[in-house]
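Peer 1: There's a structure below that I have some questions on.
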Amino acid sequence: MAVNWELQGCCHRDQRIFIAAVGVSTVVILLLWRTFLLTPFKLITVFLHETSHALACKLTCGDVEGMQVHANEGGVTQTRGGIYWIILPAGYLGSSFWGMVFILASTNLLTTRIAAGCFILALFIVLFVADNWFLRWLCLGFIVFIAVVWVIQEFTSFHILKYVILFIGVMNSLFSVYDIYDDLISRRVNTSDAEKFAEICPCPCNGFAWGVIWGFISFIFLCASIYLGLVILS
């Protein structure tokens, strides 16, 4: 069966539900951005940001010495070795990538279950490398949360797990773009990943420029996830 890259016949019921779910998730996130209700999801996004640093370190033959996520929505990953110019951008761009993966996984019940299972496994593994108890409790909390939602989906006709996975995906995509803007463009945090990257990169770009570039790439990830989701559902 040929892939409908041109989205001919768009948009049927499943595609409309997908677009509506992404839209509703976006509106809810923007409306509740400054409230405590989104804090757990912001913290899990920080977790995925730090996890991306850790994965980049391991994939470039480095060692991860520890990982922390704090209640103020900050985080740090201690690494040794690896390729630094790959590890540094992996946090922001990794968050955007995981956002796209979660959004696309939500288009099918099987891939939703796979994404949820892999997410729970990642949270479980981090329990053993976390450097602070806050991150451990965050992981445990989301393991229980995802497991409960999963059970509810399996014993009811409401596919709630699919929408939770999609919401986490949209949250990661939006938070990544906002975090890049807040840290690298509007406030210019001197200790940000982009400022550090600018110091080691031979290119003439400063931290602000890298922030704009990474922000643009993150936005492309978000747009691509919506387009590919519609293609998958066509």
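Positions of Cβ are set from backbone N, Cα and C atoms, glycine also.
Reproduced below are the annotations present in TrEMBL:
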TRANSMEM  17-36  transmembrane segment
TRANSMEM  82-103  transmembrane segment
TRANSMEM  110-128  transmembrane segment
TRANSMEM  134-153  transmembrane segment
TRANSMEM  160-181  transmembrane segment
TRANSMEM  212-233  transmembrane segment
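How about a rundown of where these features are and what they're close to?
Peer 2: Nonlocal intrachain contacts for the transmembrane segment (82-103), taken as residues 6+ away from its ends with a CB within less than 8 angstroms of a stretch CB, comprise 22, 45, 48-53, 55-63, 115, 165-166, 168-177, 179-180, 193-194, 196-197, 200-201, 210, 214, 217-218, 221-222, 224-226, 228-229.
Counting only same-chain residues 6+ beyond the ends of the transmembrane segment (110-128), those with a CB under 8 A from a CB of the stretch are 47, 51, 67, 101-102, 104, 135-136, 139-140, 142-143, 146-147, 150, 159, 161-162, 165, 168.
Here the transmembrane segment (134-153) has Cβ contacts under 8 Å with residues 40, 43-44, 47, 67-71, 113, 116, 119-120, 123-124, 126-127, 159-162, 164 of the same chain, all six or more residues outside its ends.
Residues 3-5, 7, 10-12, 14-15, 18-19, 22, 89, 92-93, 95-97, 99-100, 103-104, 106-108, 169, 173-174, 176-177, 180-181, 184-185, 194, 205 of the same chain lie 6+ residues outside the transmembrane segment (212-233) yet bring a C-beta within less than 8 angstroms of a C-beta in it.
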